[in-house]
Amino acid sequence: MPKGCPSFPKRKAHEESKRVVHINGSHHTHIGDGHLLHKQYKGNATSTTKYNVWTFLPKALFEQYRRVANIYFTIVAALSLTPFTPVRAWTTWTPLIIVLGVAMVKEAAEDYKRYKQDKEINNRAVEVLDPDTGQYVTKTWKDVRVGDIVVVTKDQQFPADLLFLTSETEEGTCYIETMNLDGETNLKIKKAPDETKDLNQPDFGTFKNAVIECEGPNARLYQFTGNLLLDGKTLPISPAAILLRGCNLRNTDKVVGAVIYAGHETKIFKNAAPAPSKRSRVERIVDKIIFFMFGLLFSFCIIGAVYFSIWTEDVSPKHWYVGSASATGLYKQYNPGEPEFVGFASFITSFILYGYLIPISLYVSMELVKIAQSMGYINLDRDMYHAETDTPALARTSNLNEELGMVNTILSDKTGTLTRNVMEFFKCSVAGVAYGAGITEIEKANALRKGQVLDDRERPEAAKYRERFFNFYDERLMGEAWYSAKDPATIEMFFRLLAVCHTVIPDGPTDVKSIKYEAESPDEAALVVAAKAFGFFFYKRTNTTITVRERTPRGTNDVEYEVLNILEFNSTRKRMSVVVKEKANDKIIIFCKGADTVIYERLDPNYAPNDEMKASTSRDMENFGAAGLRTLCLSYTEVDRDWYTNVWMPEWVAAKTSLEDRENKVGEVSEKIERNLRLLGCTAIEDKLQEGVPACIKQLALAGIRIWVLTGDKMETAINIGFACSLLTEEMHQFTISVYGVEEIEKAEKAGNKELAEQLSHAAVANSIQTIEETMNSKREGSLFAIVIDGKALSFALSKDLAPGFLRIGLRCKAVVCCRVSPLQKAQVTKLVRDHGDTTLAIGDGANDVGMIQMAHIGVGISGQEGMQAVMSSDFAIAQFRFLVPLLLVHGRYSYKRITRMVLFFFYKNMLFGVTIFVFNAFNAFSGQFIYNDFYMTLFNVVFTALTPVVIGIFDRDVDKQMALKYPGLYMQGQRNEYFNFKAIALWLLSSMYQCCIIMVFVLIGCNATEVDRDGGNPYTMWQTGVLMYSCVVITVHFQVVQVIEQWTWAHHVAIWLSQVVWWLYLLAYGAFPLYFSTDLYNLFVGIVAPSPQYWLYCLLVPCACQLPDFFARMVKKLVAPFDHTIVAEIQKKLQRAGRSLADEKGQEPPSILAAIFSGQANKNRGFVPPYDPRSKFYGLVSSGARSSGRIDTGVRNPVLQHLDQELADNPYRSGRKKSAGLPGISPKGSSAGAAATAASAASAGNVQPVADTAANGAVDAAAAASAGAAVAAAPPPAASSAAARVLPPVIPPGGHPNGRAPGRLPPMGTPPVGLSGADTMPSNNSDAPAASSVPMPPLPAVGLAPNARNKLPPLTQGGASIPALTATAAAAPGAIASPGAPALAPPATANSQEREILATYTDALQR
């Protein structure tokens, strides 16, 4: 399994646990037990096919008969061969053979492609050393055996899993590409063992006594446990010496390797296990409907069998002309003397006859539609195409398209998912002093949230130091400035650690500007590039040495370090160490970098500077974390040479050569040397947010989707990034669950009493959950909540007794952030939410997200910097997090509506058709008589109604894509499953029953056999009546589609009208066949049916009568209580009638400052207008963002803005006429906080608001905030819980607010209203207090405002005096941008006509 997965499958009993490989041993050699050498190991021939010539038929049939419907249709076809069948056998076998045949041919074609690919791979050529002759010969891959020595040349693939023995490079290294293995395109370096790297290719002819002892075949791609026994030595084999099948050799001319695993025992084949099968919720409901239809079918059969057996026994003897009394032989089924047999025969007849209740083409049509949706829409959507990486969206499965429209909860990784995973060295702290003057994106966003704009202009002197991975400047460290710092020795060691403690490989020319670094992670590359920028240039690496060009106060020197040991990083250790020896003085030093928690535990308590430095470094790390930076602690210490050589090194070799539990043993030995460390400081690396993440999260929240972020970051970092990307807002009541900082728990841990510490932690988390739930219950309805929990507390929250409570509070939150979580915890949290019943979507980009992605209902992988492991395990792949919006709100919603409507139409039409057969049979005493010809009965599903449901599934659409994005609340219809719940299914089926009754009444009464419809006097015949009834059914089901379609396309017209035309063409063509074939239809249509005017009248009248009740019900629903999409469709039609598109309505405006921040482009300071002071009655223009939010609170409303708001509310579309009444369920402009506060509960209210215009959530009053704190404070928690649960109500500045309002937040991310320029799209904090940058004001006298007249600007007064009386006082208002005595305001160059008019009106009001 890929790296980071939480667990591995258990080893099966027959799998080998240990393998012994004799390198270059002859395969004809017999070993001790008489068997040939390596005979027990598999060969290298591989096969990926599912079938062969002998197994194709049984296996393919088995695959088809896993579907219950196919079993049923086969039984029906088999029963049609019996004497009890009412239809000809070929009419039931033909559609079954067609459906099964098409599916099996498809399987055969796909498998044949796999066979040809296998044949090509197995016959590839490779050079293999012949152990008998000592010469290299060319063999095919399939002839390679375990133990063979093979030669692979540049750009070739490795034929098997090999032990890397040597290459043509001096260092014994090679580069490989693992694209076929894990999807990663960056090259990885591999190293041959020192004992074999100097051997040449001919030397291996005498290489006879080498043996490999290793673990058996397994799926662990990045781990290998084994030893090389050579010349009496036992040498541990590193995973870096293993070359895996499927990888390509790059940048190296030739390598030599020995085969360890071959064929299906290679790691790539061990990882080829199929992903867990996922079925959508809609498919599971379809299965239930089919079982219901089966139940209905059996009910019809039982009713008919019982009734007919009773009628045959009691009534038929009275009808002498029936002749049932003498029925024998083939007519024994009508003998009144054997009612049991009569009932059995009638059951079989009915079972065949009513089979049309089950749609035979449903599965085929669904598969076709889903493939079209995936390949035609999702894969080709330009809105989900990432041009920078040339990456389109990819639907890796088509089974879950409709599930995308029903997502309730998104569980997301952070690094590489919300962020770009493009690391830059940004700040650092060395010897307790913080360095770095940059401003992160998170700091900019948080400042904007508070109504501030930071000066982030880059210094000219810093530009020369900028390069990839490095965005740092501090004049105290750059160049030679650090020589004169307070503690230059510590700074020097800090830089040296950056240059030495890593596994980075230098590539290319060895000069500072041209060199490139191949790193396992972007973090490591950033640290090495930082060392280079500080004067410690790492430029050369061999298997055992690292060379660094160091620029120190003593001069510039090339220093070579011998790498003695590398103690690798893993998720358990959370640190990495390198043991090196300076060749100049033979000092042994261990450099260690890792998380602060693990480094602090291993600091030397006797080293005096550690305590002081620990306090200052912790403070700096908190500040860095608050800025959204990724921090890492650095430390080192000298190691005693004698202890290292005589004590530790033997233990290390024993652990490294152990074949059992090697990883744990190595970890235990590493603990012994990673102690008594000296703290150097910490680094801070910035991982920028992806473009469009804040707007995406806000839009998903408006769609009613909860978002859980599962990250390995520290809590402070996660919280600040949550605010920056709009995941957390100040309107949310934030709860923190943590067990860090609880005194009793820390005491128990220091005392080594782990059991007590766990008990106290469990109790603290339990009390936190209970306290949070009580607090939530005390809040008013519509309040927004968020929870932040750390990994340690999460481990207790996921326990069996606390998980239900944690889930309850989590589901009531709009956002949940889980910090410091492991890959296993990610999967556990996903399982917890999934098992509750919510439709979950997990999204991630790395191998540590695979478990989470596979556990969720829908897995989405992001093709990012961490390779393609997540993509290879996912159901859908996208390049950016923001593409979730079109994937869910457009494709998911469309697919859900299309699939559900198609399935409902299938069951509706089959119910209608099947019940007409049942009712007519009931009129015939359930004797098995049918009114339709058996051939066109068979064609009902596969011809006459086959095209229409497919067109519905592919082309149906209620609103355009732009409207679906503008009104994300429409997505909640899928979350509530409005189109496929019990009510919707029942209404469709009841509609079919009603329409069946209408058809039967009209046709059977109107076409009475005693009536004539023409001058010739010919009465109605049964087959003529059958053609009429069938025509009514075909027309009615298509008229039903006409009713429900919201938008017509050419495909709808073709499907609906062509299907009906094909029915009449069929009657013409089939009636022309000879009598023995066409039977009842011979010349029936041309000679009898078509000349009848009553037939054509009924073909129009009966379908209309069937549709009238449904039509009236839909119209009443549309007028009285319309669906949300109906209202949005009306808005769309209104725009279209006005000749405007949605883009015209929204306007084309330059991006806001916030958008510029997250786009990674340079910002231009557009100027900042501070908010109003609550004591001032001076009015000034504010940003259009604040204006659109409708929450500009100054104590008294600005009359200009009030007039504008009224106009927007009355006439939102500028159509030239007032809107008479608001549309139900739509709030085009958030004019009140109360209306906007219900955005979180829109799922229950059914409200839909445009994302660009939705008002921000209303502020929580001071009393509510106080009650939030009181609810938590009043609860009597145990001592351990006081720090475990911290309730963070909306922040109130010191002194509070005069009107008790909470501070503001970011304005809506959407576009400002029409007529307002984007040049002033600035956030307002909606606060009654001045901005942080404003100068405090003295109190101002009260100002009165006359009542407003509707649509009329009121005069400005102050207690009867005119406004100029305020000139002297108001001029000092920091929130103003003009004074009453100022000349007319000049409009900006970008202002449009409407804004110029507003400015003119405003100036006039001031000067009057």
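Indices start at 1 and increase along the chain as displayed.
For all residues, glycine too, the Cβ spot is worked out from N, Cα and C.
Residues or ranges marked as active site, 4-aspartylphosphate intermediate by TrEMBL: D413. The ATP binding site annotation in TrEMBL covers D413, K414, T415, E524, F569, K593, R630, T711, G712, D713, R820, K826, N848, D849. The annotation Mg(2+) binding site is assigned in TrEMBL to D413, T415, D845, D849. Per TrEMBL, compositional bias 'Low complexity' is recorded for 1323-1334. According to TrEMBL, the feature domain 'P-type ATPase N-terminal' maps to 22-93. What TrEMBL lists as domain 'P-type ATPase C-terminal' is 871-1122. Per TrEMBL, region 'Disordered' is recorded for 1205-1233, 1290-1356. Annotation source TrEMBL lists transmembrane segment at 68-84, 90-109, 289-310, 341-364, 903-923, 935-955, 985-1005, 1025-1042, 1054-1075.
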Remote residues contacting the transmembrane segment (1054-1075) - C-beta distance under 8 A, at least 6 residues beyond either end
935-936, 939, 943-948, 950-951, 1027, 1030-1031, 1034-1035, 1038, 1041-1042, 1081-1086, 1089
Taking each of F569, R630, G712 in turn, which of these binding-site residues have a Cα lying within 10 angstroms of the Cα of D845 (Mg(2+) binding site)?
none
Around the Cβ of D845 (Mg(2+) binding site), other Cβ atoms found within 10 Å total 31
Would the transmembrane segment (90-109) and the transmembrane segment (1025-1042) count as touching if the test is at least 3 Cβ pairs under 8 Å, pairs 6 or more apart?
no
For the transmembrane segment (903-923), which partner among 68-84, 341-364, 935-955, 985-1005, 1025-1042 gives the most CB pairs under 8 Å?
985-1005
Region pair the transmembrane segment (935-955) / the transmembrane segment (1025-1042), three or more CB pairs under 8 Å
yes
Report the nearest neighbour of D849 (Mg(2+) binding site) in space among the recorded positions D413, T415, F569, G712, R820, comparing Cα positions.
D413
Residue list, the transmembrane segment (1025-1042) vs rest of chain: Cβ under 8 Å, 6 or more residues beyond ends.
905, 908-909, 912-913, 916, 920, 931-933, 936, 940, 944-945, 948, 952, 991, 995, 999-1000, 1002-1004, 1007, 1052, 1056, 1059-1060, 1063, 1067, 1081, 1084-1085, 1089, 1095, 1098-1099, 1102-1104, 1106-1107, 1110
Given a Cβ distance threshold of under 8 angstroms, which distant residues of the chain, six or more beyond its ends, lie next to the transmembrane segment (985-1005)?
285, 289, 904-905, 907-909, 911-912, 915-916, 919-920, 923, 1025, 1028-1029, 1032-1033, 1036, 1040, 1098, 1101-1102, 1105-1107, 1109-1110
Quick check on the recorded positions: of D413, D849, whose CB has the lowest count of neighbouring CB atoms inside 10 Å?
D413
Neighbourhood of R820 (ATP binding site), C-beta criterion under 8 angstroms, separation at least six:
T711, G712, D713, K714, M715, D790, G791, K792
Winner by Cβ contact number (other Cβ atoms within 10 Å) across the binding-site residues F569, G712:
G712
Of F569, R630, N848, which is closest to D413 (active site, 4-aspartylphosphate intermediate) if I measure between C-alpha atoms? They're all binding-site residues.
N848
With DSSP helix as H/G/I and strand as E/B, how many residues of the domain 'P-type ATPase N-terminal' (22-93) fall in helix, strand and coil?
26 helix, 3 strand, 43 coil
